[in-house]
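These notes concern the structure reproduced below.
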Amino acid sequence: MSTEIVPVDDPIEEPCRPEKRPVVYREEEEGEGTKGVIRSITYGESSSSSGGYVPEVFNSESLPSNLASEIQRFLRVANMLEWKAPRVAYLCRFHAFEIAHSLDRNSTGRKVRQFKTLLLQRLERDEETSKTTRQEPSDSRELKRVYDENRRYINQHAETFDLENSHGEKLLDACRIVSVLYEVLKTVIAGHQALADRDSIRARSEMFAYNILPLDHGGIQQAIMKLPEIKLAIGVIRNVRGLPATENVPKRGTFVDSFEFLQYAFGFQKESVANQREHLILLLANALSRQPKKSSTLEIIDASIDELMRKFFKNYTNWCKYLVRKSSIRLPCVKQDAQQYKILYIGLYLLIWGEAANLRFMPECLCYIFHHMAYELHGMLTGAVSMTTGETVMPAYGGSHESFLSNVVTPIYKVIYEEAQKNKSGTADHTTWRNYDDLNEFFWSPDCFQIGWPMRTEHDFFFTKSPQKEKGTKDEELPKKEEGTENEELLNKEKVTEDEEMGLSNQVPSKENREPKWLGKTNFAEIRSFWQVFRSFDRMWSFFILSLQAMIIMACHDVGSPLEVFDKVVLEDVMSIFITSAVLKLIQAILEIIFTWKARNTMELSQKRIQVLRLGSAVIWTVVLPVIYAHSRRKYTCYSTQYESWLGQWCYSSYMVAVVIYLMINAVDLVLFFVPAVSKYIEISNWRICKTLCRWAQPRLYVGRGMQETQVSLFKYTFFWILVLSTKLVFSYSFEIKPLIAPTREIMKIGVQIYDWHELFPKVRNNAGAIVAVWAPIIVVYFMDTQIWYSVYCTICGGLYGILHHLGEIRTLGMLRSRFHSLPSAFNRLIPPQLNKSRTKNFLQNIFCKASKSEVLDQKFVLVWNKIIRNFRSEDLISNREMDLMTIPTSGLFPGFICWPIFLLANKFSTAVSIARDFVGKDEKLFKRIRKDEYMYFSVKECYESVKFILDVLIVGDLEKRIVSNILNEIDRSIEESSFLKEFKMSALPALQAKFVELLELLVEGNENQSSKVVEVLQDMFELLTNDMMANGHRIVDLIESSPEAGDDSSFFSGKIEPQLFESVASQTSIFFPLPDDGPLIEQIKRLHLLLTVKDKAMDIPANLEARRRISFFATSLFMDMPNAPEVGSMLSFSVMTPHFMEDVNFSLKELQSSKGQVSIIFYMQNIFPDEWKNFLERMGYQNFDELMDDGKEEEIRRWASFRGQTLSRTVRGIMYYRQALKLQALLERPEYKDVLEDINIVERNNPKLSAELDALADMKFTYVVSCQMFGSHKSSGDPRAEDIKELMIRYPALRVAYIEEKEEIVGDKPQKMGEEPPKVYSSILAKAVGSFDQVLSHKSCLNIVIYRIKLPGPPIIGEGKPENQNHAIIFTRGDALQTIDMNQDSYLEEALKVRNLLQEFLQNHGRRPPTILGLREHIFTGSVSSLAWFMSYQETSFVTIGQRLLANPLRVRFHYGHPDVFDRLFHITRGGISKASKTINLSEDVFAGFNSTLRRGCITYHEYLQVGKGRDVGLNQISRFEAKVANGNSEQTISRDIHRLGRRFDFFRMLSCYFTTIGFYFSSLISVLGIYVFLYGQLYLVLSGLQKALLIEARMHNIESLETALASQSFIQLGLLTGLPMVMEIGLEKGFLTALKDFVLMQLQLAAVFFTFSLGTKTHHFGRTLMYGGAQYIPTGRKVVVFHASFTENYRLYSRSHFVKGFELVLLLVVYDLFRRSYQSSMAYVLITYSVWFMTITWLFAPFLFNPSGFDWDKIVDDWKGWNKWIKEQGGIGIRQDKSWQSWWNDEQAHLRRSGYGARLFEILLSIRFFLYQYGLVYHLDISQQSKNFLVYVLSWVVILAVFLTVKAVNIGKQLFSANYHLMFRFFKAFLFLSVFSIVITLSVICELSTKDILVCCLAFLPTGWGLILVAQAVRPIIENTGFWHFTEVLAQAYDYGMGTILFSPIAVLAWLPIISAFQTRFLFNQAFNRHLQIQPILAAKKQK
């Protein structure tokens, strides 16, 4: 958005003119008299007549934002006419000045005064001088002359308008001039009254402002308007028969179509109406195209409209049914009228949706609006009379312009905006403001109808002041509503009146008045708490807790077999888990009340009652079950079974009976689980009993009902989870729980009386502390390891699925060559439309086609294959030679057999020659051997046929022709008679091959001077054949002898023939050389030359790895299971949308060449993509970069580099391949072009009509919109990104750019107050370019047109930026489907060919319903150089392939994880859009679209036969920011209503899938890290208290060590299996398992384990902190290409709190544990227990420096140290960024605490207490304590700490008092303090036995205490901030950070001295580059070289 001067339209490119010095704006007073002054100057006498007129362009681009849209076109036309009609240019500028002055008389707008002053000066200067250039006597006649000239030009050339010809640009200019001059002329003639008609004139004159369909601009002759579906759809829309008369609306004449009627009836914006008119026509036309062709036209139209009705109003009808309201969609009985009504209803909904702005995120709010407006529409159509008013029903807000926006959208928008402002940029608590979901869910209740229609803005819904602010304000008392009236009537009456349904019964306010109240949250309150995880997934946690309890009981009874559980004693004890279950349900009931308290105002009374009942029931069971259990324990009633079964006796107790009754409550849920169809019916039914059942289980909500899957899907994911849970429970019981039982019993027996410290709880029995310390880590692992087992089974199932679906079957070039013969059959079977017959596919049919290699290649496949290969060449993936080797010939010279691409035949002919030369035997064996390799056979056959063909063309002499013919006949005869080897000697065959190659080279060169060489080569070949090869060569010689041309005998015997063979004489030509310039002939000669010369190297073609990967995947995908493709005309239409903010569009030349202390991008690109750079130079015809620059090829260089970065231009190029593919496929479908051999571009150039038809079809099926949020701002500020976007629009004419325009609005003549911002108007704009790319290259003008400008109610970006950006542009998309593509993604032509097949998935059921989101696989294209990028790409690939494969099937919980998913567009635009936008809570906006789709009964699938490229971050800091962003988003998901509803409303097993694939992964990671802390602090307690030593000595419990080792191994399993197994499986599937094993080993050698362990710390820190304290926000990662060195300061800032502090804490724990366990524990046991923790600790401390390029370069180390010291000492303050000052950074790091409540601060203090444990435990181990266990020892330790603090404070005070003026005294003071401290230490050493060890232990004790004090001080900052304590805390924190930084820096500095370390780091960081033989050192050292 822009707040500066905004040009409305793009600038008109002016021809280069000599420019004068720019004029500076001058501030000047201006008032009402300005216009009069201008008039006197204009019509008065000249004050200065000296000099002639000098043309000069006036700046028409930098205009005030509130004037630009009105005057810019006049100023632009003035500039155009400056040189040929100066007086007309003057009049245009004068007219612009008048408009500007009328709009803002007082010049209150920004920069208006300066602009008007400048324009006035220009008018004064030109007024008289321009008169001298006038060709007519008056201004009006001069205007008329120029107007008529341009009008005549338009009339002459309008019929042949084509932007490609020379008249196109001139015609555009003429149209602009005519439209402007018409208005100026009218003003001059009619006076100032004409200004009032400007808008209507402008509307009539915009000739080219249309998007796809030129409906109102005389475009009936355009190709798209001739499509029968378009014609039919327009006819349906323009059916206005029977519409009400225009007397009640401000419209003259009849309505043009239904949309115009709706516009005038309801007050919609004109351009919004135009937008939705085109939208509906295209939707209807595409629906018509899919109908059966055999049906009648009326049936086709009805079926199409009904299809749209179902899609648009499915949600609305469900909403009416849910609220028990009669639908407002009411249709007449007459079929024709019903059709018109349906179109009107659809149009009305589209118009509401199109202007709803941010309300589009609230689908049920739109249903409410539509409900009332549809009622009004029906009343208007039928002439109904309101029972309330007695008048004809008319729209409540109809008539005036923008009435709907002002009166309906804006009031609700203001509520959204004001609530959003309360979130304080995401820092406020979620419960203090209402987000989009809260406001939308208000319309899920019948109470919403109390708002009424017209809406009552005094309703509580519109009240936005929070309760705390409400008390202090004095508002007017508003009428009180009669609450519940409508609900009571609804319950008591089966039928209500229409007025009551429309909310009109509450229009009369009651007499009682009350203050409005804030409604608060609706249905859910997002409260930050870890309890949310339990609350949302309570069934899972209850299962794990109860299972743990049951297994502990079983282990205590030493149960070894499942049958032993049925022993009466064991069974009764096991059944005690139901007491725990009752307690857990009580906790759940309490939590439910607590967490929904903030939503109580909008909660239904019945729901409140159910919560109370649930609480009461839980309390009763919590009391009853324990009482009965205690009373009846071991009291059984037993019966012997009739037969001796495995039960033996059947015993029960009263407790068991109670348990059975307790379980009866859940029996219904269990039964319904197995019958999902019944369960679904109950949930969506409106029967009272069904509602009651649902309400008891869960609150009855509009969403989350009927999500059940089919029985088959249920069985699959249930079976999966039974396997996972069984494995997990068996493992936990056998290896975690059972081994602990015996040691626990021993611990409880031993009585420890003596402790090594002061025991605070000496009377606790059974060593409870030791038991907790031993059991706690195991319990933590128990709750975490399900994620590991899920990962294991995910690997197995995902791998099996991939194998069964042929994934990776073609993964190498060898496999591609061996399977290539089956590609044409697979291509024809799956890609082109099946026109003749439809085929049902099954699994057995989905196998490789065994196509014979001898069949003729289908020309469609040949054309598409060659198009793909040429596209590779245009992308510089292959060279010219590789393109020649890979293309399939299309000449058709040899019909009857296949000409395979040469890369398949590489070396085949040479091999055949070698075989034949050395072969001994019969002909049959030789032929059989050659035929065994069919490619060899085809190469030999093609070579032979090619030789015959070329010789036939080359040799024209009669004798020579007979000779060649006889030789060939001899060869053919010998082959037929199997005497070839007898009659021909094969030893000379290689020599003959070499001679023929020489001949071919001469023919290709075609130099006429080389004719003699051609003759010599032919003669040599003849001699070789006749003398060395042919046994009967004398026959050929005899032929020459007998020929008339032969000489006499003497000449013959002398060996001379005159003329010689193949020679030409004057009268006769023997050879035709040079050959004719015939394309097929030359192509065949080149191909034959390649066939004869290519060697083994061609086996590796293409050499480029990306080209190999793409072509292999394309070949593999052809054999995957995909739907049959329809014809292009019958396919589903779709749009693609890309949001863009501030990212790079193209790399600028300056950016490419500038290094900024690092390597330049172009240098980096040249080294990373050396083969592609070489191919680029070859394509451009240059040798190096300098030649390109010298020849002015900067733009080509920019594009080449940009296409290899993560830029918008790369994305646009990839997506526009969709359009290319559709046009190619449409061409192939045409019968007249079924055998076309030329490239599609050549065909289009040769046939403009065909080209227009293909474009029309592509336009109808495909739309691409880039939502450039900041485009308007970039245009006004001159940002180069705006120009780059314009260049994209011109390069791709079908591209549309949507952006947000912000203008200042001047309201009347009211002056603005000082400092007050003028009001602003926001608009959504869609723009396109009209002009050819060639015109831009030749610097000609190109018109950038605003197609639609739709006014918004306010700023659209009020929540999360990306979804809001998508939302404002979604109204410009078209079609049935919508693909969302990020601007770091790419697409490919070969993949675009399969988009038709993909879209057919929407028409197939996947389970119970057709899909609503289609998931696609992604290829990460940024893993080519950096090892980190390689790790990231493999990790991402494993998730987007094997992970999502399992999520979609069988788990059925795949959501939307970002782009490139394809949405069912109509499903989602009627249900809230393709993302959610509430600030902070919807940080991961994409996944919420998946949640929303699933909750609204959508289906999300995943398809692997089509892939899209995606870029990822490549440096550690970028990756860490990305991981932090995702972790923050998952933390917000944890507290969101969507996850809560999914967790509560899925069945048990699907709920498990949902948990472990969303927030469960992050929570399990958090638990795994917490497990390490729990283990170490438990060991610390055991060691420092002396418990471990006492227990080991007294009971010799050696098994505790093995237990701890097992715990450590669990951590290693978490690190290894979780991240490794799916990755290895996916690599194995796609590249081979040997390659996967090699890659996995190589990754470990490159420290992949270090990277993944470090990432684990990133995820857990940000997930945990955000969940507890909030503060999640979007973190931009940069997506930069170059891997650069990060400074030490930057690394410390990023990782200090997330990794370094935790790493130091772990080091401290490990060191203390090691120091005090040595007396009784071996070092080997310590290593086994702690090695994995040491690994994680070292990783967290040093990974950022290991993965930092040039991290051990000494020069950079020195610079980093200087920067670190500067940063740590720099003072912070307001405006000082955190990267400049430690103080600013430290304050920012506490932001999460500043916005937290008392609960979070208390939690922080409780966590900080752990740091005081060190001091408490260690002071009792000091020698100076003399083994005293008195509490006084601990108190004295605090005295020591206080003394240290006072000493430091004394030094600080002394420095302030004496250092400046009494420096010597300050030195004496410091010496005194030092001597005092030293003497105290000496005294303590002598008297109290203070040892050196004591000093070390004191450091270990007091350092954590100091850190703990800092954390506590930060938590209580509001209390101590204004005291001296806070300053001391800041100084102490700075000292700690400096100390930690120094400790981290020291080993890095030491290692930097060793050169081998830097070399080793470079090797493991860039190993992928070394494998590709790239030079990394030049990249890293580029700056040094410079």
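Here, residue 1 is simply the first one shown, and the rest follow in order.
Note: Cβ is positioned from N, Cα and C throughout, glycine not excepted.
Between the listed ranges 220-238, 790-808, 885-903, 942-960, TrEMBL ties the annotation transmembrane segment to 790-808. Long-range contacts of the transmembrane segment (652-678) within the same chain, counting only residues at least 6 positions beyond its ends with a Cβ under 8 Å from a Cβ of the stretch, are 572, 575, 578, 581-582, 621, 624-625, 628-629, 631-633, 635-637, 693, 697, 708-711, 714, 1547-1548. Counting Cβ pairs closer than 8 Å and at least 6 residues apart in sequence, the transmembrane segment (1728-1747) and the transmembrane segment (1936-1957) reach three or more and so form a contact. Tertiary proximity for the transmembrane segment (1936-1957) is limited to same-chain residues at least six positions away from its ends with a CB under 8 Å from its CB atoms, namely 1688, 1692, 1696, 1700-1701, 1704, 1741-1742, 1745, 1751-1754, 1757, 1760-1761, 1764, 1768, 1782, 1786, 1906-1907, 1910. Cβ atoms under 8 Å from those of the transmembrane segment (1554-1576) belong to residues 533, 537, 540, 776-777, 780-781, 783-784, 786-787, 790, 1443, 1447, 1451, 1453, 1455, 1487, 1527, 1530-1531, 1533-1534, 1539, 1542-1543, 1546, 1604, 1607, 1610-1611, 1614, 1656-1657, 1659-1660, 1663-1664, 1706, 1709-1710, 1713, 1733, 1736 of the same chain, restricted to positions at least 6 beyond its ends. A contact between the transmembrane segment (1798-1819) and the transmembrane segment (1868-1888) is absent, since fewer than 3 of their C-beta pairs, 6 or more residues apart, lie under 8 Å. Looking only at the domain '1,3-beta-glucan synthase component FKS1-like' (340-456), the predicted model's pLDDT averages out at 91. Under 8 Å from some Cβ of the transmembrane segment (1868-1888) lie the Cβ atoms of residues 1824, 1826, 1847, 1850-1851, 1854, 1858, all in the same chain and six or more residues away from its ends.
Sequence-distant contacts of the transmembrane segment (767-784), counting only residues of its own chain at least 6 positions beyond either end whose CB sits under 8 Å from a CB of the stretch, comprise 544, 548, 732, 736-737, 740, 743-744, 747-748, 750, 752, 761, 1564, 1567-1568, 1570-1571, 1574-1575, 1578-1579, 1581-1582, 1585, 1587-1588, 1591, 1600, 1603-1604, 1607, 1610, 1614.
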